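> First the structure, then my questions, so here it is.
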Amino acid sequence: MSKSPSQAAGDGVKTEPDSSGQQQSAQAPAPQNGTGNAQAANTHSSQELDHIVAQYLQKKGYRQTEAMLRREASSKTIPLSEMSSKFRPQDDPSLSDHVLFYSEAEAGNPDAYDISYKSLRGWIENSLDWYKKLYEQAKHFMDTYKHDHLELHTPDVNRLATITDESHIQENELAQIYRQNKYIMRMSSVPFELFLNYLQDNKFMLLLRIVNQYLNIQVAHGKLRKSTGTIESDDVIGIVGHPAQQLDAFNEQEVQLGKLQTDNAFKEEVEQALKDEDAKINSVDVAMTGEQPPSLLETYKKIQQEVPDGPAFGDIPMPPYRGTDVQAEVQEIKDIQKRLALNSTSLPSVCCYTFHNTHDSLNCLSISEDSSLIAGGFSESYVKIWSLKGEKLRSLKNNITPAKVNDYADLNAQKERHGSSVKRLVGHSGPVYGLSFSHDNKYLLSCSEDKTARLWNTATFSNLVVYKGHNYPVWDVEFGPYGFYFATASHDRTARLWSCDHIHPLRIFAGHLSDVDTVRFHPNSKYLVTGSSDRTSRLWDVQRGASVRVFAGHQGSVKAVAVSPDGKLMASAGEDKTVMLWDLGSGKRLKTMTGHTDFIYTLDFSSDGNVLVSGSADCTVRVWDVKQDTPYALSVQSVDGIDKNNSSSDSLSKRMKLDKDAKVNGKDKISKKDDKKDGDDNKKSVTESKDQLSSFATKQTPIYTVQFTKRNLCLAAGAFTPVRADI
């Protein structure tokens, strides 16, 4: 018997018939030296074997199997040894060899041409789409995250945004600077460990490679004392030889700091009302004194002179004006005429209100614009309102009938017959941290740890609206200059813009790195100023909800900010015990004023903008000269055009005389005593800057709020803190 074809082919056995007709099996000897003769013999034996197997299959009737065998045997194959000889290591196979080799394998398949060409065409067309997709992803990445770095690196980000091709990287000098140098930065040990652990735990290996390749993180053990806000000196962070601080470029954005233009119809009504008032006053004064008083109408026209950079009417949506708005504008013009001019030779009078027996539960105070009411927020979750005129406060009766109230007289009839000296407003479920009266004195805003702000009616002493939106305690609240909008500052690192007729915020101002502690409106209502625990202040555009100025320089949290009445200057103060004056137009710091020995809680400009007052935890109210050593020192004029430049020799000699009198009266001894006490506490004495005009001290009353009236009377308020005896 002969072996099966599979065995004969698989074992490489040569089978030949002998003379007796029997088949003998003998294993073919393996080639010893790999000569070409042995290879030819093996090839010849395989052909004979295929022929024998085919005859056997034909004899047995396996026609399909025979056809498959012949088709496979007819295909030409290349031995491995021959193929290896074609591609020797020293040779470089050409593309034509590859094409010839693979085309022969596909020559028998007519569909191969269609499939191959179709695939090639798809690859060529899609390769362009893949490049476009890569470019689009890079552009999306830049557009999405560049805003995180615009404040400090505006020029660099704008230059890097022009790179759209790999060749641009080699040609762009700035890109080469960042690729060939490591960016130096400082971190404390604990944040550095948390940073690395986060990257490793989430297996962000790409970010780890970037950190290792392009960052030089200097780990500092202990507190970073050299930091000033979010900005550090150039020798600490950045690339050596390349400027790291580029805030000036960010602060070059265009802003409109002028007065908001008023409605022409409203202006005409005010002018007519002022004309009528002038006629009444002239008839009385001329009859009594024989002199004609200054015209209210002329004063109003001087104030309403259009400022080129002021927002146009309609830029800030406002509700229609009412008759009470016209009356309020007339009263304001009267107050301006009776306003006391303040400067270094004419210091303001300060009226301070002290609250006793608060037991450290009074958190904030606010005084109404007409100085008739004062409100306090307490840790026990309620608000108290007192009358500064000595009048009794009357709220509504419990059994009021709304259908019987048609006018203000009917409302007064529904009030209590006998009022009280103080009213308590209950509604919050946490400590109250901020208060603000509306300019018409009809409403009061409060904010609390319960994440809400509430609107109260000062006529009925009832809660009208609850505003919800913040995710954490709300630290401060402020009515806008026109009373329709208000703003809040929160622990959630945002400030928010609201309107009284909406329970949800209109804008969210996000960008601070820590708590937003205080918020104030610009006089034209187009901008907001915020102060934060990240040691910076910011100016925000209420229309775009974006930051347009960043003011960095404080070494502690910013607890108080104020904007001058003309809208050009901003003052900030806080935990570093210094007052800084900024130019809103350029974003640059004009000067730093020192003198306080404890945290500063409050700031306010005088009505003419010449004087700044500050209240502090050191129980003093200090008065500062705004114009001294600034570009505005030579342009201080009143409304009627009288020059009030305080840099004259008379004012300087008077200032020197006041300083001399202070030393004679014993202030030298007090300062030495304080220096000795500070030396015992390892503290440095505070040097009073020459900008300080005066200091008004209380016994033991930290000043929570200071506020100027329209006639430049300074009002201050605080809670008395008794000295605790050491046990």
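Using the three backbone atoms N, Cα and C, a Cβ is placed for every residue, glycine included.
Source: prediction; values computed, not measured.
Pasting the relevant annotations from TrEMBL:
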COMPBIAS  18-32  compositional bias 'Low complexity'
COMPBIAS  33-46  compositional bias 'Polar residues'
COMPBIAS  652-691  compositional bias 'Basic and acidic residues'
DOMAIN    134-215  domain 'TFIID subunit TAF5 NTD2'
REGION    1-52  region 'Disordered'
REGION    643-694  region 'Disordered'
REPEAT    425-466  repeat 'WD'
REPEAT    467-499  repeat 'WD'
REPEAT    509-550  repeat 'WD'
REPEAT    551-592  repeat 'WD'
REPEAT    593-634  repeat 'WD'
> For the repeat 'WD' (593-634), would you mind checking the mean pLDDT of the predicted model?
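Its mean pLDDT is 91.
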> Can you tell me which parts of the same chain pack against the repeat 'WD' (593-634), counting only residues 6+ beyond its ends and a CB-CB cutoff under 8 A?
336, 339, 341-344, 347-348, 350, 352, 559-566, 568-569, 571-575, 577-581, 583, 644-647, 674, 686-712, 714, 716, 718
> Taking DSSP states H, G and I as helix and E and B as strand, how many residues of the repeat 'WD' (467-499) are helix, strand and coil?
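Grouping H, G, I as helix and E, B as strand yields 0 helix, 20 strand, 13 coil.
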> Excluding the flanking five residues on each side, which residues at least 6 beyond the ends of the repeat 'WD' (509-550) place their CB within less than 8 Å of a CB in that stretch?
151, 227-230, 247, 250-251, 253, 255-260, 310-311, 315-316, 475-482, 485, 487-491, 493-497, 556-563, 565-567, 570, 572, 574, 582, 584, 587
